[in-house]
Structures are given as C-alpha cells and as structure tokens.
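Copied over from TrEMBL, here are the features:
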type	residues	note
COMPBIAS	164-204	compositional bias 'Basic and acidic residues'
COMPBIAS	244-255	compositional bias 'Basic and acidic residues'
DOMAIN	1-186	domain 'FH2'
DOMAIN	204-235	domain 'DAD'
REGION	164-212	region 'Disordered'
REGION	231-255	region 'Disordered'
Amino acid sequence: MNKGQRGNAYGFKIASLNKIADTKSSIDKNITLLHYLITIVENKYPKVLNLNEELRDIPQAAKVNMTELDKEISTLRSGLKAVEMELEYQKSQPPQPGDKFVSVVSQFITVASFSFSDVEDLLAEAKDLFTKAVKHFGEEAGKIQPDEFFGIFDQFLQAVSEAKQENENMRRKKEEEERRARMEAQLKEQRERERKMRKAKENSEEGGEFDDLVSALRSGEVFDKDLSKLKRNRKRITNQMTDSSRERPVTKLNF
C-alpha cells in the first residue's frame, strides 16, 4: 500500500499511530482523521471500540522501565547475598544464650530465596514476551523500552477515548441545533399563519361594510336617509331664519 516514490515504505512505525489525531480536516480544524475513523468503526465495527477493556493493562505497562527494573532486581540480589553472608558468619560464631538470629534468618533466607527466584523467572518471561511483542510490531527490542513502547498505545487509547467523547458532544450539539431550527421554523410558520388569519379577518370586516353599502344603494335606503337628512337640515335653517326675523327691531320711516 505504501510503495511508491517516497522510499517504498512497506508499513508504518507504531509511533505513527498517534499522528492520526494530528491529521486535521481541511474543512473543520476541530475534526481529525481519528474522529472520522471512530465514526466509521462505530457504525460498522462497534465491538472494535472495546479497546480500553481488552487493553486495560496498557496504562500499567506504560509505567515499566526495564533498565530501572533491572537495577532494582540487582539491588535485591545484593541485599539477599549480604544477608546470606551475615548468616554464615553468625553460624561460625559461638552460640549466645537466647540468640535466635541464626534460626530466624535461616528461615527468612529460605523463603526469600524462593520468592526472589520466582521474581527472576517472571522477569525473564516478561523480557521474552516484550521482545516478541516489539518484533511483532516491527521494532527493535534493544532500542525501545516498555514505557516508551506501551506508552504509544496508552496515548492512543487516551486519544480514542477523548475523540469518542468529542464525537458524542458534536452529535449532541448538532441534534440540539436541529431541534432549535425546527422549533424556530414551527414558530415562524405559526406566526405567519396567525398573520394571515388576522389579515383575512380584516378583509372580511372591510368586505362586510362594503356589502352593506352596496345593499343600501340597491334598495335606495341610502337615498332615503340622505333625503330625510336634507329635509331636517332645511327645516332647521328655516327655523333659524324665522327666529332671526322675530328678534330684528322695526325701524319706522317718515315720508
């Protein structure tokens, strides 16, 4: 898959695993290749995402430094050897009344030696398994420590967990935005419907007044009303003129 003009690479180093989270989308910088892969895996291979359960010992393995572990084993070996030498020395000395050093330490040395031997066997087995694991992933056993090797996977598992949570947050945010958009659309539609109802009601009222006017014109009622009004106005004017004549003083003329 990787053969080409860039050195004919036949695979990837495990350190490249964590570069997946650094490969960002050209559209949205908050989305990485890891987010996309998790989405695909969730939809098609959901069981694959049980990595944290299957690799639950990775965080502890990432804390192991084989060099420091060898130093600690060497210190224990030296300490146990010193106790054995002291025990042999005490055995060569004349016994003291009530002195239980030899009996107690002898029993301790027996138990400690068996326990230490088991630890050495476990360490040898761990080194062998680690060497096989390193070779399985295309690394050189002598050039990488367990804390570095397993640290890569530990970092990847953490990145996967974070990306899963971020995907969930983005999904919830999108759902909330869609829900809000639907509510706004429904509210806008309701307001538009109410506006149309008010407009129709106003038009209906205006149309009713117009219909009444047309009916009055057809029946002549409007003219009867106007004629009655005209008669009332004329009568009022006549009355006013009569009253005015009565109040005007009479001037006598002498010829």
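Each residue, glycine too, has its Cβ placed from N, Cα and C.
Taking the domain 'FH2' (1-186) as a whole, pLDDT averages 89 in the prediction. Broken down with DSSP, the compositional bias 'Basic and acidic residues' (164-204) shows 41 helix, 0 strand, 0 coil.
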